[in-house]
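All remarks here apply to the structure that follows.
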């Protein structure tokens, strides 16, 4: 009984939003919540989805996801400067009502020149969040960078950069692991159904993910899986010191994990569970990578099985809960994984992007020079332009076509995409094509113009 009591205490302690709020204060993050009142002023009449309080946003609809790879937990977007409490009507200053009088007699924390808005408005509801104060700018930018290591902007630059400029063998395998880690993480979130840490007391430095479930942190999962699997795959294949590779992977992981607590998006328990869950997935999939990759490359019916498997997993994830951004992100991730796997099969049979032979290992990094960096950046920029064009073209064709096939009105794209029969094929086809072009079309074009 005593042991179970200690475990229960530890569970509640690690899940307590006050622990997150205390960490934020230590890091110099202070909310502008009212000192008194109704605990944040949440309107109980507002609907709830995935544990987050929702209300209509007066700023209009959110723009479509500009990224090409699903991150599972959000997208890049512009900051919003309109103030407003979660669940309250936004006003020009959170300490004033619309007529300029103090709000309800409360004594709000004043917002000075350091007042800032959450990094992104909420993806599903349009909530822009409440202003907060930053006392330590260094930690703010450090943890903003850390959280970006788990967002789409990072994925759409990191994965192609590795494939086009470093090692296509490692790149396609990293994506393979990333797909499984993110898929299992997203599905587990929807099965467990825990809400994000309560605000107040937690300050929402980031709002975009607030409509998704919390346990486990998929940022922590990807922030563990990517650096440590990269270290696992490259050590011995490339010449570099063990201590350097392991230290970089550990720092990467810690930065991403701590940033999620700093942002107010996860409890400490969410992050710990994400790390442990990712380690468990890696323990299963890393030893099987050779077998899976060899199957994708050589098996005659691999393309049919790849498409069927990823599509079936997407259908399963769409039945877990009501619509949310995680559904589209999951289909996006699966589509990307399917496209890359198909491209690896095509490359193998056409003799494109051949893997180095064993006698060529270990690989030695070339000497850093201005020409080398310039060529790498040129490949990255040109390749991303091709991917952006692919995404725009496929989106313009796929959404109207899918809406027509299933009889869904296409005048409001945002509403149309909330239908499973539209969202799943749209994301799957568009990002499957993008993933295919990352590993096949872009390297092929590079070889044609002698940029490979």
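Every residue gets a Cβ built from N, Cα and C, even glycine.
Taken from TrEMBL, the feature domain 'Phosphatidic acid phosphatase type 2/haloperoxidase' covers 175-286.
Here TrEMBL flags 64-109 as region 'Disordered'.
Packing against the transmembrane segment (240-261) from elsewhere in the chain are residues 20, 23-24, 142-147, 149-150, 217, 219-220, 222-224, 226-228, 230-231, 234, 267-268, 270-271, 274-275, 365: each is 6 or more residues past its ends and has a CB under 8 Å from a CB in it. Taken from TrEMBL, the feature transmembrane segment applies to 240-261 (among others).
Sequence annotations record features per position, and here TrEMBL assigns transmembrane segment to 268-289 (among others). Sequence-distant neighbours of the transmembrane segment (268-289) (same chain, 6+ residues past either end, Cβ-Cβ under 8 Å): 11, 14-15, 19-20, 173, 176-177, 180-181, 184-185, 188, 194, 214-222, 224-225, 228-229, 232-233, 253, 257-258, 260-261.
What TrEMBL lists as transmembrane segment is 301-318 (among others). Within the chain carrying the transmembrane segment (301-318), a Cβ under 8 angstroms from the stretch's Cβ atoms is held by residues 183, 186-187, 190, 295, 327, 330-331, 334-335, 337-338, 341-342, 345, 420, 423-424, 428, 432, all 6 or more beyond its ends.
Residues or ranges marked as transmembrane segment in TrEMBL: 330-348 (among others).
Below 8 angstroms of C-beta separation, residues 68, 156-157, 160-161, 164-165, 434, 437-438, 441-442, 445-446, 451 of the same chain, each at least six residues beyond the ends of the transmembrane segment (368-387), sit close to that stretch. Look at TrEMBL and you will find 368-387 (among others) tagged as transmembrane segment.
Per TrEMBL, the feature transmembrane segment maps to 428-449 (among others). If you look at the transmembrane segment (428-449), the same-chain residues 6 or more away from its ends with a CB under 8 A from one of its CBs are 68-70, 159-160, 163-164, 168, 171-172, 175, 310-311, 314, 331-340, 342-344, 346-347, 352-353, 379, 382-383, 386-387, 390-391, 394-395, 398.
Within the model, the domain 'Phosphatidic acid phosphatase type 2/haloperoxidase' (175-286) shows a mean pLDDT value of 89, rounded to a whole number.
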